[in-house]
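A.B. asks: TrEMBL lists D:12-31, D:43-65, D:72-90, D:96-118, D:125-144, D:164-185, D:216-234, D:265-283, D:289-309 with the feature transmembrane segment.
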Amino acid sequence: MTSLILKMSGIDKSFPGVKALSNVDLDLYKGEVHALMGENGAGKSTLMKILSGLYQPTDGTFYVKGKEVRFQSPADAEDAGISMIHQEFNLFPNLTVAENIFIERSSILGKAGLINWKSMYNKAQELIESLGATIDVRDKVQDLSVQSQQVVEIAKAISFDADILIMDEPSAALPENEVKNMLEVVRRLKEKGVAIVYVSHRMPEVFEIADKVTVLRDGNKIATKPVQETTQSELISMMVGKAVDELYPSKTKAISEDVVLAVQDLEITPRHQVSFELRKGEIVGLFGLVGAGTHNVAQRLFGLKRGGGTISINGKKVKISRPKQAKKNDIGYVPPDRHRHGLVKEMTVQENLTLTILEKLSYYSKLNKKKEKEIIQTYIQDLQIKTPHEKQVVNLLSGGNQQKIVLSKWLVTHPKILILEEPTRGVDVGAKAEIYALIQKLANEGMSILFISTEMPEVIGMSDRILVMHEGAIVKQYSYGEVEQNELLAIASSPGGIEVKTT
Amino acid sequence: GSEDQPSPAEEGAGEEVAEGTNSFFINPKSIGPAYFTAAERGAEQAGEDLGVEVIFNAPTETSSSDQINMIQDMMIREVSGIGISPNDGEAVVPVIGRAIEQGIPVVTWDSDAPNSERAYYVTPATDAELGEAFAEEIANQIGGAGDVAFMVAGLGSTNQIDRVDAAEAYFEANYPDINIVTVVASDDDQQRSYDNAQNLLNTYPELDGIVGFAGGEPPAAAQAVAQAIQNGSIEAGSIAITGFAVPSLVENYIEEGIIEKIITWDPAMLGYVSVYVLNELANGNEIPEGELEIANIGSVRVEGQNIFTGTIDLTEENIGEFDF
Amino acid sequence: MKRIMSIHEAPIILFTLIVFFIFTTLSPNFLQMSNLQTILLQITITGIIAIGMTMVILLGGMDLSVGAVLALVATIVGLLVNAGVNMWLAVLLGIVVGALCGAINGFIITMFNIPDIITTLATMYIFRGIAVFVSGGVWVTNFPKEFEFLGQGKLLGISFPVLVLFVLACGFILILGFTRFGRRIYAIGGNKNAARLSGMAMKRTKFFVYLYSGMLSAVAAAIYASNVGSIQASTAALNISFDVIAAVLIGGASIFGGTGTIVGSMFGILLLGIIQNGVIISQFSPYWVDAITGLLIIVAIIINSLKRWKDSLKLEGKLK
Amino acid sequence: MITIMKKTIHPFVNNQIVILLLLLVGLSLFFRLQSPYFLTQGNIFNILSQIVEIGLIAIPMTYVIISGNMDLSVGSIMGLAAVALGMFHTMAGLDIWLSVILALIVGILCGALNGLLIAKFKMQAIVVTIGTMVMLRGFIYVLTEGRPISGYPPEFYFLGQGQLGGLPFNTIVLVIAFVLAYYLIRQTRFGRYTYALGNNEEAVHFSGINEVRTRFIILVCNGFFAALAGVFLVSRLATAEATTGSGIELSVITAVLIGGTHIFGGRGSLVGTMIGVVIIGVLNNGLNLMGVSSLFQMVILGLFILIAVSRQKS
Ligand SMILES: Nc1ncnc2c1ncn2[C@@H]1O[C@H](COP(=O)(O)OP(=O)(O)OP(=O)(O)O)[C@@H](O)[C@H]1O
Ligand SMILES: Nc1ncnc2c1ncn2[C@@H]1O[C@H](COP(=O)(O)OP(=O)(O)OP(=O)(O)O)[C@@H](O)[C@H]1O
Ligand SMILES: [Mg+2]
Ligand SMILES: [Mg+2]
């Protein structure tokens, strides 16, 4: 009944020193959502980049609508009706949202071949609204939050009516409520007959939206199964190669009473302040929707922005107006945008990993390269970072492995307080479990962790205490095991409404 | 790919000129300006007439250090004589000393290095004389009193400074009523000279005269004045212009009466005489004091270490007679 | 429309006004109509070149060869009119030569992938050498009378070169704001990678930007020749590229590309023109002219950056 | 052997360096065939002392460009330091070595001004340094009224004209400075920061590193080296003039770019820069010896730049 629209067979892809894909097949039918899963570095993005014409396969053939095709560039793929949302953002920060969506479309040209700005804005606004988002399409993309940028990416990809839409981790940067909107859009596209390849590390989504799922491991295809015929644990064991019993570590240790970090009236915007405490060995989750101000809290604590209020560490007031001071006070920070703030992507794994501790690795600025190498090796092994060698340029690693590097570059500093913002963005389940276990272990060893995430399950699963933020204020606090997803989301979206109900 | 081996014959020709033939390095301040291209022609002509090799070269920018580098390179090449128009008369003193030590005769031309051991300075007149001549001319044209602006090529160029100093001193001594309102520099940029001239006209509505101390300045001043006259913002003849320029550049302005008189000389003559003098020195001949007749170009005056080639007053009468 | 010409240029416009005011108080001659006309006339050449340079800088490049192209074209146009060729034909041929120079830049940059700055640094040397060669090293001067129209003539009571600058600036403002070519320039400058992924014609865009830059330099060259009246190929417009780049950046453009407007650049040019004229009109000692000019450039750039620097430290009012 | 060499050299530069060396060797062979004087000891020393000033400035300029900046004011700083040296000695009557130190301090202060504006206040380096270039050159004219300053004690000429152990002293200084700078960029965290800054300044900031200070230090060094070059030039030419150093920034940047340093930072090598400096020196000298007009030298230099960097992808 449904027709085969894409057939990839025997795809091989080698990079210098890496065999990213070997003999991978993939069939795609009209109107289906086909999930692609696998660990970080399994080859998902590579396969999709081949499909969208960005890479050329080393070997193998593929057919679109029965015709063999060979794409030399993304433009070729676009002509064949294939559109892709890349794992990394590909927006023009200096242009407006509307321009980003429509820049290469001739539909925006009015009379005399000149751009009709008005109709472009209108069309863009419609499109954004159809995604259930509220973004002013006249804003420049550089002024948008990461989440809104993701929405723009999606809008851009669906703005022209592709037959095949590739979505490489579209939800990674989205908060829960917007993920729902996006899935709604995917469903609508599917009904219109678009074939969608959906790459994601988030199990619930896959079960919610996908018809079929294909699992890759180390560049090999493991299986393709209808979603109804598989389970979460089966998928995980296919991906990881072994079973993962528990995603979240168990809480065994009682938290000490020593307050490590005390924040009093911390100004996060000229009109909003927050106060809270963080105890030794405690994991505090900070949850809020877009615009709640969780990001600003992290920025203030790490000295990226300045403002009023006091920060005390171990009872002593400290001044933190630059990241360097934060680091001196044993604070580490894993930022949400690893590309811009986390990594020097043109440099090697080693150079990135030790960037934060070069002071300790050098004597009068002279580097101790031997010691540096030793440290590197331990972290590459402990965190199972997949890289051919420590001299690999970070740019060439898979997204999840890049994330692990950002995490480790702060772990090497042995911070007393670690601020994690979206620490598992784009990380596969296996690695996620490892990272969670690692975080718990660090906490058990006495590190205090501020866990900021828009992904509810992990906030709930990891936090000893959850602080919920709404419009620049902490509105509610829960202990471990005290709250479910529904309530958390409801509180975060409208605390007033809940309050009325409970009283 | 470009490493074709030259044939032995070519190599001989390119390197040491045939046995007994002298080769001279004539070094202007920089390569490119039309003034020095004219000098080059004179030098080459001399080379042809005297049967010697002439290498006329300089950096493309007026920079002492590049100029000295090039002189050093040519000393390595063992040329038989060097003629220099120094960008900075002091900076070339050591390198001239070294050349003399190596037995290479050196003259300066167009611009001098008075503290060096150079044998002669070939010049139309000393810079002080030129400055005075300009001053005298403008004083005559404006009737001995009024506001005068000076336009120079570079504020840091030796011969410009010497000329300006002399002109200033001359006014002080002879025309106390002449007031020098300002000195503007163009850095050899023709657009800049022109803009400067325009700005002068706007700044000093009462301006009586402009002296251009380098070849590009009087024409730029004349151009600006001509336009102002056309616009009606000043009256014809209200601003006198003089200074140095080659005839071809001021021909139109002199014919139109915007410029009354310009003091000029033929740069080719400087080039020619430099080569001639160097050749005499290299051949071990003395240069006699007093009038010296040089075949093909006429006579020059030798006074001590100065060799004067003379200046020409350009006016409406004679402007058509020159081809440089 | 309001958004395209957002308040990005506000600081530079303000500073231009302040400098204007200062010179007005310093010298009674400054505010004279004739002087204001002089200023406008003096900025036409840099202004026209700045249009092309703005586009080049928007792409994240830099065209160091503009001065050499100007020298070459001015020489050729001058030689042609002196040889009796019709003035407009000569200008047309000059523009063709300028376009060719631009095309050479564009070709080398896009085909061999050599960075813009290096390419134009190299062609700067090459074009200048060719210009001097073509001129034979002598002054090109004594142009026929009618040639003066280009640089000094009036049309509809307005100075012709100023009119040319105005028309070209408006034309390119339109092109940048309302054509796909124009928006592509911004897009490519903003994010090369994204441009590549969206299948944008990057090479073609870049090529044409350099072509236009060459053509605009050629137009400026024709006006230059007529205006100044004599051309010395070795020194004509020798340092103009730095002046123009400074003006464009003062006008709010970013050297990394993607940010900047022609309106801003025009104000940058105007500011430099006012300063250059003002320091002479105000009768500063000639030795102080450069020092003051440099100081004002620095002040201009300080004012430009102040807001950005403060923003980077301040807390934002809006939660995101 | 070769593979070991390749491994030890930074991955970005090895190809480029080999090509540059080949170009240099080819060029030298060509000039040797054209002129018997080219490979004489006298001429080699001649070339070496001619490249000293450009070489000295090119060292910190490599850092500046790798770290993602640009400094066009070096020529003016060099000139100001030269003139300051002259004025301290001949007008203020200070001891010559004290004057040298003060001139170097002038360079450091100019570098600090650039550093303050660029590193601290995050202004665009190109405009700032165009501004300081014009302004400092203006100060030179204010100070000197355009007149050259000469008259230094004989011992001062040792710096630019003397020899030590049969080698030109200024060349020895250049080599030492180069070796130190090479060590610094390869073996120290300062060098690591330099590269990182050129690639992603924000990530450096987010790593708790004082990126402002590193930038500042680099620009101050640039001022210092420009002043040092000025001092050596005065010693070599025996005079300080108002135009000293003007236009040198273009030669320096040309050398750095020929050496394979990426114009937008993040990549580059000091070895490449040094070869670039030597190539320019050899090219000038060889063409001069051949008697090629500097006009054509200009065209040849242009073509040469294109050939030398044609492998550097933008
Ligand atoms: N351009 C490249 N050059 C070299 N190696 C590459 C390149 N691109 C990808 N790789 C390698 O190929 C492998 C597959 O990478 P890919 O990005 O496809 O993984 P992925 O499945 O998308 O992972 P993630 O879930 O982390 O995004 C990885 O080992 C990666 O390091
Ligand atoms: N030649 C040099 N010129 C300038 N700085 C140098 C040089 N060599 C080494 N450095 C060092 O580079 C370092 C710059 O890095 P950074 O600003 O992070 O300093 P730091 O040592 O980490 O700071 P802290 O002293 O607070 O630990 C300086 O400490 C400085 O000592
Ligand atoms: Mg991926
Ligand atoms: Mg330290």
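Note that the numbers count up from 1, one per residue, in the order the chain is shown.
For all residues, glycine too, the Cβ spot is worked out from N, Cα and C.
A TrEMBL annotation is a machine prediction, not a hand-curated record.
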A.B. asks: Excluding the flanking five residues on each side, which residues at least 6 beyond the ends of the transmembrane segment (D:96-118) place their CB within less than 8 Å of a CB in that stretch?
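C.D. replies: For the transmembrane segment (D:96-118), the sequence-distant neighbours (Cβ-Cβ under 8 Å, at least 6 residues beyond its ends) are 69, 71, 73, 76-78, 80-82, 84-85, 88-89, 124-125, 128-129, 132, 136, 152-153, 155-156, 215-228, 230-231.
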A.B. asks: Applying the under-8 angstroms CB criterion, which one of D:72-90, D:125-144, D:216-234, D:265-283 scores highest with the transmembrane segment (D:289-309)?
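C.D. replies: Out of the listed stretches, D:265-283 contacts the transmembrane segment (D:289-309) most.
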A.B. asks: Determine which recorded stretch among D:72-90, D:164-185, D:216-234, D:265-283 has the most C-beta pairs below 8 angstroms with the transmembrane segment (D:125-144).
C.D. replies: D:72-90
A.B. asks: Using a Cβ distance cut-off of under 8 Å, indicate which of D:72-90, D:164-185, D:265-283 has the most pairs with the transmembrane segment (D:216-234).
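C.D. replies: Comparing D:72-90, D:164-185, D:265-283: D:72-90 has the most Cβ pairs near the transmembrane segment (D:216-234).
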A.B. asks: In the same chain, who gets a Cβ under 8 Å from the transmembrane segment (D:72-90) while lying at least 6 residues past its ends?
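C.D. replies: Distant Cβ neighbours of the transmembrane segment (D:72-90) are 53, 57, 61, 96, 98-100, 102-104, 106-107, 110-111, 114, 126, 129-130, 132-137, 139-140, 143-144, 149-152, 222-223, 226-231, 233-234, 239-249, 252.
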